[in-house]
Every structure is written in C-alpha cells, then in structure tokens.
Amino acid sequence: MCCYGVDGESDSIMSSASENSTEPWFCDACKCGVSPSCELCPNQDGIFKETDAGRWVHIVCALYVPGVAFGDIDKLRPVTLTEMNYSKYGAKECSFCEDPRFARTGVCISCDAGMCRAYFHVTCAQKEGLLSEAAAEEDIADPFFAYCKQHADRLDRKWKRKNYLALQSYCKMSLQEREKQLSPEAQARINARLQQYRAKAELARSTRPQAWVPREKLPRPLTSSASAIRKLMRKAELMGISTDIFPVDNSDTSSSVDGRRKHKQPALTADFVNYYFERNMRMIQIQENMAEQKNIKDKLENEQEKLHVEYNKLCESLEELQNLNGKLRSEGQGIWALLGRITGQKLNIPAILRAPKERKPSKKEGGTQKTSTLPAVLYSCGICKKNHDQHLLLLCDTCKLHYHLGCLDPPLTRMPRKTKNSYWQCSECDQAGSSDMEADMAMETLPDGTKRSRRQIKEPVKFVPQDMPPEPKKIPIRNTRTRGRKRSFIPEEEKHEERVPRERRQRQSVLQKKPKAEDLRTECATCKGTGDNENLVRCDECRLCYHFGCLDPPLKKSPKQTGYGWICQECDSSSSKEDENEAERKNISQELSMEQKNPKK
C-alpha cells in the first residue's frame with residue numbers, strides 16, 4: 001500500500017490490520033463518493049488522487065508527468081498542478097489513443113530516448129507496457145521514465161503488457177466474486193464504515209484552507225479536458241447530432257492579419273468554440289458601437305440643420321446691409337462729385353466713400369488667406385444636386401458651378417491648388433474650351449480681373465536643323481579589310497567658322513541633340529544597282545552608298561555601329577597615304593630644326 005501513500009500511522013486502515021483481514025479499506029475517490037475523471041489523461045479506470053483545487057488525477061500520471069508536485073511526499077497528497085506550465089495541455093497528440101477526439105486531451109509525455117519525437121499519455125503507455133522505474137538502489141532524482149515502442153525492450157514491454165491485462169481481468173473477476181460471497185451483515189458494515197469516511201472527508205474538505213491559485217488567468221483549450229469532451233458528446237447525443245460527420249481539426253489556432261479569426265466549420269474543436277465566442281463578443285461590440293455612432297450622427301444632423309437656418313438668416317441680413325451700404329456709398333460719391341464741380345477743383349474722395357478693400361487676417365486670427373464674402377444660400381452640387389458637405393464643394397472658375405470632389409469624373413481626393421496665373425475648371429468646360437478655341441494665342445481674363453495670354457499647342461513641333469548637316473557616326477569594323485577608326489569629323493562648312501564662345505557652343509551642342517534629317521540611300525556606287533536603307537551603307541567621307549555584298553570582303557549586315565563612323569576602302573587607303581606623307585614631313589622638319597641648332601664647325 002506504500003504505492004498509494006498509506007502507512008500504519010495514517011488515518012486510513014489497512015486491509016491487514018486485523019488477524020482475519022476483514023476490516024474494510026477505501027481509496028480517496030470512494031471516501032469522497034465521486035466518479036473522478038483524470039485531468040492529465042482521458043482514461044477513467046485506475047487509482048486517483050485529489051488535487052489541492054478539488055480536481056482528480058491518476059497517481060501514475062502524477063508520478064510520471066513533469067511539473068506535478070505533492071504537498072506530502074509520504075502520503076502522496078495533495079497533488080499540485082499549478083507549478084506545471086498550462087501550455088502543455090493539449091500541446092501534443094497521443095500516438096496510442098484509439099479515439100482521435102481524445103488524442104489531445106490532458107498532458108502527453110515524450111519518449112526518454114534522446115531526440116525521439118513520440119508523445120503519449122501515461123495511462124496509454126501503461127497499457128502498452130512502456131513505463132519503467134529505476135531500482136531502489138539507484139539514486140536518481142527522477143526515477144520514473146518511459147520509452148516508445150521503437151526504443152523499449154520488446155520482451156520487457158510484452159511481459160509488462162501481459163501483466164497489466166491479467167491484473168485488470170483479475171480485478172474485475174475478484175470484484176464480482178466478492179460481491180457474491182459477502183453476507184448482508186458484512187455489506188451493511190462496509191456501507192456504514194464508508195458513510196463514516198465520507199462524512200469525515202466532507203468535513204475535512206470544508207475546513208481545509210483554500211488552495212493558492214495564480215493571479216493571472218491561465219488559458220486552457222476546452223478540447224484539452226477529457227471530461228468536457230465527454231459532456232459535449234453526451235449533449236450532442238441528446239440533441240440528435242452525430243459527431244462523426246465533423247472532421248477533427250488538430251491544427252493550432254491561427255489568427256488572420258487583421259487580428260480576427262477566420263471562419264471555422266462547426267465542430268467540437270477548440271478553434272470553433274473560440275471562434276464562436278469571439279464572434280459573439282465582436283458582434284455585441286459592433287452593435288453597441290453602431291448604436292452609439294448613430295446617436296452621435298442624429299445629434300450632429302440636428303445641430304447642422306439649426307446652424308444652416310441661422311446661417312441663412314445671417315447671410316440674408318448681411319446681403320441687405322451690403323446693399324444698403326452700396327446705396328449710401330454711391331449717394332455720397334455723387335454728392336462729393338457735385339461739390340467738386342461747384343468748387344471747380346478735383347477733391348480727394350474720403351476713405352469712408354471708397355470701396356472697401358479685402359482685409360487680410362492676421363496670424364492670430366488664423367492664416368494669411370483672403371477672406372471671401374459669405375454666400376447668401378447653401379450651394380448645391382451641379383451633378384448630385386445636393387447641398388450637403390459644403391466644405392467639399394469645388395467652384396468651377398468658368399461656369400461658376402459647384403461640384404463635390406467625389407462627384408467629379410475622375411473623383412478628386414483634395415482641393416486643387418489655385419494661384420494668380422492658374423485656375424480650375426470642370427471637365428465639361430475644359431472640353432468645350434478646347435474644341436471652340438481656334439486661335440493659337442488668346443487673352444483670358446482671370447476671376448480676379450487680371451489678364452494673361454494662353455498658347456494652344458495642337459501637336460509637338462519637330463525641330464529639324466537646316467544649316468547643320470547630320471553628325472557622322474563612328475563605327476569600328478573588325479576582321480575586315482575596311483578599317484574603321486574612332487575619329488571625329490568636322491564638315492567643311494564649319495571649318496572656316498570663327499571660334500565661338502563657350503556658351504554658344506553649349507547651345508549648339510543642345511541643338512545638335514535634336515532629331516536629324518533622314519538619310520535616304522537609293523543607289524550602290526559599285527554595282528549601280530538600286531537599294532534602300534536596309535541593304536545599303538553610306539561612307540562618312542565620300543558620302544557614297546554600297547551594298548553589303550559589294551564590299552570587300554562582302555558582309556551580311558551593316559558595318560556601322562553606334563558611336564562610331566565608317567569609311568569605305570578607297571577613303572581608307574587615301575587617308576592612310578595622307579598620314580604617311582604627314583609623317584614624312586614631320587621627320588624632315590625635325591631634322592632641319594636639329595641641323596639649325598647644331599651647325600657644323
């Protein structure tokens with residue numbers, strides 16, 4: 001009985017306390033009168049111990065699962081599960097569970113053979129004969145270990161499995177035989193003793209101190225509890241729902257990018273339960289938020305209507321005052337002009353009779369923009385014909401109509417920028433103005449009264465230089481008898497020009513980058529045959545054209561390359577002769593200069 005934490009000095013009575021061994025003995029579960037369910041595995045048979053929180057676990061599970069502690073090591077009670085990490089619940093899948101719905105319940109242990117990735121429940125490993133215990137002589141901190149089927153000894157595992165099955169069958173047979181052999185008096189004595197123990201257990205449970213629990217809430221998946229799975233399966237059975245049609249999803253719960261869970265199919269899984277509760281909470285929050293926003297919207301609309309009425313009244317009164325002011329000013333100006341004619345002098349108009357200027361607000365009053373007169377009525381959009389969102393209305397400077405930014409085609413996201421030299425007009429006015437305009441130059445009057453010229457350019461003008469011949473291209477030719485050299489050529493017209501300043505040269509270089517005149521090639525100088533630009537090449541010196549096949553040696557494509565010029569064989573031979581003559585002249589001049597410096601004595 002030491003495996004269950006019972007000794008001679010405990011309050012429990014051993015079955016061998018008397019000579020005839022008739023004194024009854026009860027386990028903790030029978031004393032409390034419960035049919036417990038283990039928190040660490042899905043199996044219901046076995047010997048249980050109560051935890052400090054009122055839950056139950058197999059004593060073999062408490063011994064083999066790491067992180068489980070005992071308050072009293074000798075009595076092996078109470079069992080404490082708070083020191084174990086709650087993330088272990090349902091983290092691994094048991095490889096021996098027959099029902100996949102219970103494979104992720106409780107806590108699975110791993111094989112102790114190195115880097116083995118096999119996981120299983122303790123009681124499932126006990127059925128397979130995979131649990132081992134160190135000998136009493138060995139001093140090991142954790143004497144309980146387990147191996148998977150691949151790393152356990154085959155004969156040892158077979159022997160342990162055989163003993164486990166024999167013990168289970170013996171217990172069932174002995175229980176049935178004992179119930180038949182017991183007399184009614186002995187059964188009544190056992191029941192009376194059991195009632196005494198249950199009364200003591202109830203009293204001890206009510207008087208024991210409250211167990212320590214962590215302050216933070218420790219989340220645990222619902223599918224990691226075998227008792228919860230059984231209750232849900234029983235509820236589904238009573239409701240007539242078949243649990244076999246739902247697939248078992250053992251994947252980890254994952255959230256989408258925006259933090260909300262993706263849609264889950266109805267099933268008895270942690271994903272669906274979490275998704276269901278989170279969806280209900282989100283719907284309640286969204287409904288409350290919508291109701292609150294609707295109340296705010298109604299309140300603001302009522303305030304806006306009141307402000308519109310007051311605004312219209314103020315605009316009407318302002319218009320009346322402006323009209324009265326204009327009449328009085330015109331009468332005063334007439335009287336002042338009459339006084340000037342009477343006196344025969346030109347009198348300066350006083351400031352009170354002058355037209356008022358638009359006052360620029362100071363920085364304290366907010367900004368430097370010009371103040372505009374307030375409209376007498378609310379403007380309406382020229383497209384949707386509605387007068388809401390006055391701050392998003394845009395005025396066309398041509399047709400003087402207002403448009404919402406979102407009603408335009410294409411819609412605008414912000415107000416266009418208006419300056420003194422540019423203004424904005426709608427697409428209809430823009431199309432009408434472009435179609436009706438005939439002159440290239442026209443004078444336009446801006447809204448503020450200023451005039452400016454506008455040029456209408458129908459098509460881009462292509463610049464073609466007339467005085468300047470096209471620049472010759474320079475192309476090196478390899479593996480041919482026609483020798484191409486990288487050189488710069490100057491047309492004859494430009495050789496006699498005077499040296500131009502640097503700024504003018506820069507302008508000319510800019511002009512030279514303009515498109516050049518087309519080079520039309522029609523006749524070959526060798527065979528006198530016709531051709532075009534696709535099969536003729538022009539010499540950059542003599543300006544004659546040649547077929548690719550008429551060259552020596554004949555070529556299949558044009559010998560010209562980008563950035564290089566090309567000269568024919570005749571021009572190449574004449575240029576080489578000129579170079580030789582130049583070199584001879586230089587040598588003669590050098591010899592003459594040496595003779596003059598060193599005259600013979």
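The backbone N, Cα and C atoms fix where each Cβ goes, glycine too.
Automatic prediction, not curation, is the source of TrEMBL annotations.
Source: prediction; values computed, not measured.
Copied over from TrEMBL, here are the features:
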- 35-152: domain 'PHD-type' (DOMAIN)
- 283-331: coiled coil (COILED)
- 378-432: domain 'PHD-type' (DOMAIN)
- 482-515: region 'Disordered' (REGION)
- 489-503: compositional bias 'Basic and acidic residues' (COMPBIAS)
- 521-574: domain 'PHD-type' (DOMAIN)
- 572-601: region 'Disordered' (REGION)
- 575-588: compositional bias 'Basic and acidic residues' (COMPBIAS)
- 589-601: compositional bias 'Polar residues' (COMPBIAS)
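Mapped onto DSSP classes, the domain 'PHD-type' (378-432) shows 12 helix, 7 strand, 36 coil. Under DSSP, the residues of the domain 'PHD-type' (35-152) split into helix, strand and coil as follows: 18 helix, 26 strand, 74 coil. Helix, strand and coil content of the domain 'PHD-type' (521-574), in residues and according to DSSP, is 6 helix, 9 strand, 39 coil.
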